[in-house]
Amino acid sequence: KCAHLRLVCQAEQKPYYTSKLWWCGITFLGLGEVGNFTAYGFAPVTLVAPLGCVSVIGSAFISVFFLKKTMRTADILGGALTITGTYLLVTFAPIVPQEITARQVQNYLVSWPFLVYSILEIIIFCILLYFYKRKAVKHIVVLLMMVALLASLTVIAVKAVSSMIALSVKGKMQLTYSVFYVMSILMATSCAFQIKFLNQAMHLYEATAVVPINFVLSTSSAIISGVIFYREFQGAALLSVFMFLFGCLLSSLGVIIIARNKTEKHLQIPFIDCGHIPGQKLTGKIQPGSHSSCYGTLNKEDDSVKRQS
């Protein structure tokens with residue numbers, strides 16, 4: 001974002017991919033996703049997925065320095081709630097063995113809880129897809145619900161692939177099993193369709209609405225999939241489960257407060273100065289016509305004709 005803003009202010013417009021700052025941001029973004037992928041191989045799904053709230057806090061506070069945003073009271077409150085929720089997540093996360101072998105993944109895939117969960121998820125997704133395609137219903141909840149349903153499959157596949165790669169690196173070869181490639185294909189396919197629907201939501205709605213709703217829905221579906229597929233809360237104490245869910249609630253509430261819409265100030269002047277539009281050399285004023293809702297340019301000739309009439 002900072003790179004795009006800098007390029008707009010330059011006299012000579014250049015493509016964004018020529019900016020070193022843009023490539024620096026993309027590199028850090030890629031490294032972050034690699035770290036996120038690796039984390040699934042060493043920590044429970046129910047812990048890694050909610051910790052995505054840290055990126056929202058980081059974006060809110062870093063934007064103050066790089067994008068010169070104003071720090072709001074809501075940002076501080078949301079950050080405090082999210083940090084508190086993160087502490088509860090880490091403290092009360094389920095303690096389960098993280099070395100998931102290929103044989104375990106095969107057994108999980110044919111277990112009856114996951115089969116029932118998969119059938120319900122497919123039915124719900126097909127219903128949402130029907131309304132999206134046939135009825136042209138593109139409500140933000142419909143789009144992000146489909147993203148969340150796909151995210152649950154992505155998380156399951158990422159956890160399996162990451163764990164099998166980690167075990168293979170340690171000397172316990174898992175890459176010879178066909179389930180590794182099945183989960184890799186599932187991971188890539190679900191990610192691709194997630195991007196499709198999420199991109200559609202970003203085109204139709206403001207990011208301040210998409211970010212919190214997507215975080216809450218995707219995190220909830222990831223936690224449910226971790227509980228059902230990997231049985232991460234099996235044998236956990238009721239108090240630990242309650243405190244963990246309370247931490248998720250605080251983190252989600254903090255994200256919503258940080259990403260909520262800001263109040264925009266409306267211009268009090270009835271015209272737009274074209275001289276302030278980047279890349280435009282016009283100096284005239286544009287203002288609404290007196291007898292129509294469209295916009296037009298008033299020049300001296302039109303003004304003189306009106307005076308004579």
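Cβ atoms are placed via backbone N, Cα and C, with glycine included.
Predicted, not measured: the structure shown is a model, and the values here were computed from it.
Features reported for this protein in TrEMBL:
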TRANSMEM  21-42  transmembrane segment
TRANSMEM  48-67  transmembrane segment
TRANSMEM  74-96  transmembrane segment
TRANSMEM  108-132  transmembrane segment
TRANSMEM  139-158  transmembrane segment
TRANSMEM  178-198  transmembrane segment
TRANSMEM  210-230  transmembrane segment
TRANSMEM  236-259  transmembrane segment
**Asked** Which of 74-96, 139-158, 178-198 has the most Cβ pairs closer than 8 Å to the transmembrane segment (236-259)?
**Response** 74-96
**Asked** Which residues of the same chain, at least 6 past either end of the transmembrane segment (74-96), have a Cβ under 8 Å from a Cβ in it?
**Response** 43-44, 46-47, 50-51, 53-54, 56-57, 60-61, 230-234, 236, 240-241, 243-244, 246-258, 260
**Asked** With the transmembrane segment (48-67) as the reference, which stretch in 21-42, 139-158, 178-198, 210-230 has the largest tally of C-beta pairs below 8 Å?
**Response** 210-230
**Complete:** Counting only residues at least 6 beyond its ends, the same-chain positions whose CB falls under 8 A of a CB in the transmembrane segment (210-230) are 44-46, 49-50, 52-53, 56, 96, 100, 108, 113-114, 117, 140-141, 144-145, 147-149, 151-153, 155-156, 159, 198, 201-202, 248, 252, 255-256, 258-260
